[in-house]
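Novice: Here you go, one structure.
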Amino acid sequence: MLCHVGVASGGGGDEYTQTQICIQRLKARHAATVLAALRSAFGGGAEFSLRHGGRRRRRWESAARWSASGEKSGGSAFILTRDEAIRTYRERGETISGVEIIARTQRSHPLDPLSAAEIAVAVTTVKAAASTPEVRDGMRFVEVALLEPEKNVVALADAYFFPPFQPSLLPGNRNAPIIPTKLPPSRAKLVVYNRQTNETSIWIVEFSEVHADSDTRGGYERGGKLVSSEVVPDVQPAMDAMEFVECEATVKSHPPFIEAMRKRGIDDMDLVTVDPWCAGYYSDADAPSRRIAKPLVFCRTESDNPIENGYARPVEGVHIIVDMQNNTVIEFEDRKLVPLPPSDHLRNYTSGETRGGVDRTDVKPLVINQPQGPSFHVNGYLVEWQKWNFRIGFTPKEGLVLHSVAYVDGNRGRRPIAHRLSFVEMVVPYGDPNEPHYRKNAFDAGEDGLGKNANSLKKGCDCLGVIKYFDAHFTNFTGGVETIENAVCLHEEDHGILWKHRDWRTGLAEVRRSRRLTVSFICTIANYEYGFYWHFYQDGKIEAEVKLTGILSVGALMPGEQRKYGTTIAPSLYAPVHQHFFVTRMDMAVDCKPNEAYNQVVEVNVNTECAGPNNMHNNAFYAEEKLLKSELQAMRDCHPSSARYWIVRNTRTVNRTGQPTGYKLIPGSNCLPLALPEAKFLRRAGFLKHNLWVTSYKNDEMYPGGEFPNQNPRINEGLATWVKQDRSLEETNIVLWYVFGVTHVPRLEDWPVMPVEHIGFMLKPDGFFDCSPAIDVPLGSEVHTKNGWINY
């Protein structure tokens, strides 16, 4: 017989060490020998205990505390069943007292984000591979991120290398392949822009572990090997923060620009702020043969006030194009002298003393206290909360990514719901046809990066309660590694009533309070802030939410002018109408193990029954289902009057009524673009034309507008082109692309900073469980006040 013992040693940070041992011919009488073998394999610092449990499926359980240095650490050990091991191991290892030992060590999970050290290795490897010193000096690093492995590698890792050890994820047959002693090496994908050649290239680097000095953690350090490199023609990658700084300096030192500012009464250039905006694509002049930006200009009122609202006084009438490759102004026109809006005394948004106002004085403290700690557990990037578990990832483009989302459902075990969830793009088109507002249609993920612009979250502000933070590591434009501390926030929130019923006959009542687990990040893109949230609930639902706040993008008015396409919010100042669209990519896996493709999508509409013998009382309505058989059939829009929603179902798993298990996507408030179909920005954003798209999974179909939307001259690249293949959806690995948005007609109440707007959608179980999964939530033990309830 074989038995597997997995010993996990998590020392914190972004590395995770786990060793697995294979033990041959394990029987109850071998316990002493097993313990001796384990201690010999791990050193004297290890502490083990074994106990035999179960009848028909023998299971040995172990608890251990071990670290590479031989000291006790906060690790934990797990053991797999003997039946799941014997068919897969054929290697020979060291024999100790008749017990065969095979050690398996893995430092990080294949889905873990790249560490700072790995990013540095990847950059160094690419620089070393440059063909000439000139090419190396011209390299600018737009993005360095994990090249996510194939799903079979993830399944292997979760089955045998990382807790909670799920060998059932792999096929159980005699011809199953031998499991290797370690996983395939992880890889990084680098997007590199070369300033010397104006070329964009993609590089793949493979990591290796090499022995290092004894003072290196774990005795290893990362090495890198170049796997491939490819120049991508006719594209421009996303802009970088360093370029923004350079662009502002270039514009502010341009003599015609300085003269134009003087004509508007601005002599102090320290008051001037320049926001580079990507050019989009409106004509061949915007082709990616040049890397260009079309900045917007603003003027602050007080140069010595660091918290001055820098967006309250727009400078209009100037036309600027900057060559970002060479840091030169290639076009400048002072087209119209629009006076600066007067300084608005309501422009600032800081606390009362600093903004010249008075803060309210009747707000009492609200304390969030969890004296016994939170209910979630974190091991590296693995999160477990009540019956939910998932892995956290992070990329420069998307920001927060959730992997391997699953629910532990009693005797049915761990049930997958989604392979991967993320926000992959957002587009903000403006509705004013006048210069410069008509060209304001930012692709904030593809042209800039949601993750790269993440805030460092602080306690007591963005999150409350007992919080677990995750850092994010990035490369800057020149290849240096930067870290955003506390980029992701994980915490629990009270969420009101979960369920309640009072029996009016007996007067007895049962009520349960709802709690949710929230994982989130917030990014700042120029004037706007966007908070991206995933909420997990005790009743099995998942909510995706975006919170919009920040400062309006405003324009200046001529004296006495009123603008049809916006709202006047202060003297000579108006805010144009605009829309915000977000795209969520959901690689679904409803009751599917990795590499299983047993899902389909059904659309449900609630219809009114026609008058007649089936509707004698004229009250009848019913839910009607329609299978979406192919990708072209699955281009769908929200339809509130029929309460439309969509269900992802498993074609081979049923609930207790014999119906397929599923999860349904329920839209929240939504909209479609109000621009005409010929609008130029829709060339690059064809994915906005429908609220729902469904595709059959393909690993390189990640971004709805293609990987490089900046200055993209190609029409409908990405999602709108992929679906033309019209692949079958009747039984496959389903990927949902949900597009949701809000139309913003600004109000005076949105100035000087906008109260949060909430939009999003729900994923709810639909026949996934046999009854309410929230029925087992116990009576709450919340402390409402120190001395009980207080009545006023």
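Note: Cβ is positioned from N, Cα and C throughout, glycine not excepted.
What TrEMBL records for this protein is below:
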ACT_SITE  ASP444  active site, proton acceptor
ACT_SITE  TYR528  active site, schiff-base intermediate with substrate
DOMAIN    109-154  domain 'Copper amine oxidase N2-terminal'
DOMAIN    237-340  domain 'Copper amine oxidase N3-terminal'
DOMAIN    367-775  domain 'Copper amine oxidase catalytic'
MOD_RES   TYR528  2',4',5'-topaquinone
Novice: What residues, ordered by sequence, lie under 8 A Cβ-to-Cβ from TYR528 (active site, schiff-base intermediate with substrate) and sit at least six positions away in the same chain?
Specialist: VAL428, LEU548, THR549, GLY550, ILE551, SER553
Novice: Under DSSP, the domain 'Copper amine oxidase N2-terminal' (109-154) has how many residues in helix, strand and coil?
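Specialist: Once the DSSP states are binned, the domain 'Copper amine oxidase N2-terminal' (109-154) shows 23 helix, 9 strand, 14 coil.
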Novice: Using a Cβ-Cβ cut-off under 8 angstroms and a sequence gap of six or more, which residues of the chain neighbour ASP444 (active site, proton acceptor)?
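Specialist: Long-range Cβ contacts: GLU425, MET426, VAL427, VAL428, LEU450, ILE525, TYR530.
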Novice: Reported in the order helix, strand, coil, what are the DSSP residue counts of the domain 'Copper amine oxidase N3-terminal' (237-340)?
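Specialist: Split by secondary structure, the domain 'Copper amine oxidase N3-terminal' (237-340) comes out as 27 helix, 26 strand, 51 coil.
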Novice: Would you mind pulling the DSSP three-state label for the residue listed as 'active site, proton acceptor'?
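Specialist: Assignment for the residue listed as 'active site, proton acceptor' reads helix.
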Novice: Check TYR528 (active site, schiff-base intermediate with substrate) against DSSP and tell me helix, strand or coil, would you?
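Specialist: Assignment for TYR528 (active site, schiff-base intermediate with substrate) reads strand.
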Novice: Grab the pLDDT values for the domain 'Copper amine oxidase N3-terminal' (237-340) and give me their mean, rounded.
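Specialist: So the average pLDDT across the domain 'Copper amine oxidase N3-terminal' (237-340) works out to 96.
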